[in-house]
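Colleague: Sharing a structure here in structure tokens format.
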């Protein structure tokens, strides 16, 4: 199971890197989204995939999943939600202001303001 | 953008309240089972987004004349005040307490300081999400 | 008051939340921000005194037992850094009154600064590695807001790159924390320190150490990860640049020093050697940049990179003099970079350009500005008895003690380049014929000069009075060199 997860995570990272390296701003933001998904899955895998029951206290259950990675992932999801929302707003504003979503045209050398 | 979709608008008027009540349910469910302020807040903002889809921004602003920045600020203050209450008792920050109370209509109810903290989280989530959505949707 | 160490974090947060209610009332915003910063600063001073008298302070949130809850730890190093970051925040806000412009003040400028200080102080204080990530995000989110505030074209363009770099580095941070968690099964920094010492010299630990170096290196702008910094920092207006230049890279540097003294002490031969090589390369890259540009902002920005290299070199030698030198230099650099950025801010305000070739002859009309710039430049280069001297002396002494002869001589030589790059600004801007738009309102000038001069005086006092700071620095160094002090404070009766 861990191997499978690792392959999945690697695939997500691969797709994320491909998207981040592309020129369109929107693709880049989707890429960062995939990157954080991969990160969250990695965090889950790193905590170990054992444990059958949800880490909520109830009678007769002893085999809990490790709650800490779940708490960390929740926090990380909230943060990446905020960051993604912010970067979407920023991308929109940039598109309005600069008239392009092409990163190549946003290089900003002295003659290309 | 002015939409005039009668089915959408009529359904939304009902569904909005269902989602709203469900978000409240999820919020209180977070007390002992999965749920809580964050998901509750997201549900609430999705309800408002549904309103925005069915009607336009201006109409929704007239329906719900809320300044979402203030909602965020109130949420932050509620959360901070709940957590900071522990300072006055000289116990570590975020220390929580709970007790059982007899409330009219509800009967025996457990009230937990984490719930007040979550109220703050709920408001912050609604405030921040709606601020961002208004910012993107605001100018045509 | 066991919660004392949280006050420098909570007070800016509280005031920022209050400020969100009335963004358009500029006067009220200013007054409340100043009140908030002064309160936070005084609490930081009380904390400093408390740490000095009672040793390392620690508190585990929510009354959980130490390895399980989130622990906040305030040792001398973090108390000093918290105090100086609030100090810089105060000066920047004071400077902003006349320079940032009413439009930005109305769009959540002051709350963003206060939220950023919350994040910075939190990152300095936290004793939990994941919580450090959260505070990093708090300060990064506020820095995103600050860097794009105003929405000029160049700001939008640069902020996209800034955000992208930081998103990637944050993901790496979480990944590294995940690896670390899978190795030690805990997130409490004191607990990690103990468990890693038990594990000893394992390959995976070294991998994690290098990953942490990359993560914090992106934030702290070490070679070769500083590529994003000059462009992004040059985009926002001067007060924001000051805040970023003085504080944000230092958070990365703090995190490197903290992890490399607390966690990764088992394989010093590899990790600290790497840190040393990287720091030397950082200095070289910074020196080239500082000499290459004619843009005043860029020159000082590259000086940040040089300073990062010098501080990390001191930390990498892992002996008492080097570490103490790093501590001296870290605080010095926060103050002096603040002062220098404010000074060049005034120069840019007067001449209306940041290009050195388009300015000149300012000394005739603005002698006070010229001489205080010269003092700050000498302080930056480390001319005794100014503030940079003692730190650099100790760092080089530490280098010699570890028989790192060439590296130490190299650091000495880099001071000359720093001096040259800073004096170039002086020569171009203050000597020669009068150039540039010189009609500048004297009242605005005085208002801008007041906080700047105060900060310069403060750096001079820091240099002259470094004798009195030695006990503080000794305490900070003691914790850095002996991780058990830190973990004892968390697990023992450190309440």
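Any Cβ shown, glycine's included, is placed from N, Cα and C.
Note: TrEMBL annotation is automatic and uncurated.
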Colleague: TrEMBL tags one of C:240-262, C:470-492 as transmembrane segment - which one?
Modeller: C:240-262
Colleague: Mind checking which residues of the chain, 6+ beyond the ends of the transmembrane segment (C:202-228), have their Cβ under 8 Å from one of its Cβ atoms?
Modeller: 136, 161-162, 165-166, 168-169, 172-173, 175-176, 179-180, 183, 196, 248-253, 255-256, 259-260, 263-264, 266-267, 270-271, 274-275, 278-279, 281-282, 284-286, 304-305, 308-309, 312
Colleague: When you look at the transmembrane segment (C:240-262) alongside the transmembrane segment (C:330-350), do they share 3+ Cβ pairs under 8 Å, ignoring any pair fewer than 6 residues apart in sequence?
Modeller: yes
Colleague: Are there residues at least six beyond either end of the transmembrane segment (C:240-262) with Cβ under 8 Å to its Cβ atoms? List them, or say none.
Modeller: 77-78, 81, 85, 88-89, 92, 95, 100, 113, 116, 120, 123-124, 132, 136, 139, 143, 146-147, 149, 189-190, 192-193, 209, 212-213, 216-222, 229, 233-234, 271-272, 275, 297, 300-301, 304, 308, 311-312, 315-316, 318, 323, 326, 330, 333-335, 337-338, 341-342, 345, 480-481, 483, 486
Colleague: Can you say which of C:6-22, C:162-182, C:404-427 has the most Cβ pairs under 8 Å with the transmembrane segment (C:107-124)?
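Modeller: Per the Cβ under 8 Å count, C:6-22.
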